[in-house]
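To keep things clear, I will list the structure first and then write my remarks on it.
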Amino acid sequence: MEELEAFRRETRTWLEENCPDSERQPALPDDQYWGGRDAAFPSEGARVWFERMRDKHWIAPEWPSAYGGGGLSPEQAHVLKQELKRIRARPPLCSLGLWMLGPALLEFGSEEQKLEHLPSIVRGEIRWCQGYSEPGSGSDLASVQTRAEDRGDHFLVNGSKIWTTGADKADCIFCLVRTDPGAKKQEGISFLLIDMASDGVSATPIELISGESEFCQTFFDDVLVPKSNLVGEINKGWSIAKALLVHERKLIAEMGTESPRKQITPTAAAREYLPFSDGRIADAHLRAALVDYEMLLQAIALTHMRCYEEKSTGTQSAAPLIMKYVGTELEKAKSELLLAIMGSKGLGWEGEGFSQIELDTLRIWAFSKTLTIAGGTSEIQLNVLAKRVLGLPQS
Ligand SMILES: Cc1cc2nc3c(=O)[nH]c(=O)nc-3n(C[C@H](O)[C@H](O)[C@H](O)COP(=O)(O)OP(=O)(O)OC[C@H]3O[C@@H](n4cnc5c(N)ncnc54)[C@H](O)[C@@H]3O)c2cc1C
């Protein structure tokens, strides 16, 4: 315990000295650094912060040092996370390699694959994207149809993926591919790494209602992929896919409760936008809605703490399984509540007459909807809970 407190003191001092002021505030999409072969830093502050954290080996604090990680214990990594949060530090590197592929490679990759891919992820040299969903396979992910045929020393890949976030900017993609079309659907899937620069790979951006375009449809036309890019055993990719989804859902759950995009809290908005009477919010309905929200927020924060304590003591409950559902639904509810509190001031999309916070509110409201879809929809999370936790019969 004393050692951990000493680590906290050292960490706090180091962060105070090394995290630039510009990196101690919410990062909007344009402020984020995603790395990659052609990456440019969004600002000088972002460059300094990334390079200092990289040189300190704190980009992936818990990964073994042999693969470029910091080799911290889970307890130390938790302290570091708390201290970063305390100063509202931006993530030095946003990366699907770091958040999703890396943990899966640590569990399922060969030694060669770990040595090849993990250090380049930590150094921000390679940007990864995720090729899971297909036009006909989203919630029913095990029905993926993208084919990888065994051609001796390589696979020949044909098919298409959809909703591939950042595919037009990524260097590589981790994919679920069908390697045995005759087998039961979960048993004919493999997990394959593909270089986006390979002949036959293309990515077409999909424009969203906001005018932005974070997703692509990704096409594979006779793409040759070396056999060494297969992770785990052939036709055993479903286990890797599920393990990776656990990391993805944890990440998305945290985006719901710890998002740096949070601009204004409902309580702060209530103080600014709502009329008060006798020291209380005058509108009884909004007053009750705000209390409900604050109580849920507290309950989720405590459950996060419980999950962390269970992890460090080696006990296991069903609590982590509910976090994606409750965290993202709460984020959605928060955005609805903010719009109700701000009234017409929350409806501005552009133009004069609105503050930046007001303009951001509607964008965050739109973004909050995506959290309950990405990484498995809320309905699918409820199905999983019904089956795995409550043991209810399947319909
Ligand atoms: C912001 C964002 C980023 C994403 N990034 C990526 C990415 O990088 N890579 C990637 O591969 N995918 C990505 N996705 C895709 C995401 O994984 C899918 O959208 C998601 O799995 C749902 O699949 P779908 O869109 O095909 O919906 P569908 O599966 O067609 O579902 C449509 C509706 O039917 C409901 N439904 C379906 N089956 C059931 C059932 N059995 N019981 C109850 N209800 C059901 C769903 O809940 C949903 O409401 C992203 C999605 C979003 C929103």
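Using the three backbone atoms N, Cα and C, a Cβ is placed for every residue, glycine included.
Straight from TrEMBL, the features:
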- 2-125: domain 'Acyl-CoA dehydrogenase/oxidase N-terminal' (DOMAIN)
- 129-223: domain 'Acyl-CoA oxidase/dehydrogenase middle' (DOMAIN)
- 235-390: domain 'Acyl-CoA dehydrogenase/oxidase C-terminal' (DOMAIN)
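Across all of the domain 'Acyl-CoA dehydrogenase/oxidase C-terminal' (235-390), the predicted model scores a mean pLDDT of 90.
Using DSSP to sort the residues of the domain 'Acyl-CoA oxidase/dehydrogenase middle' (129-223) gives these counts of helix, strand and coil: 7 helix, 46 strand, 42 coil.
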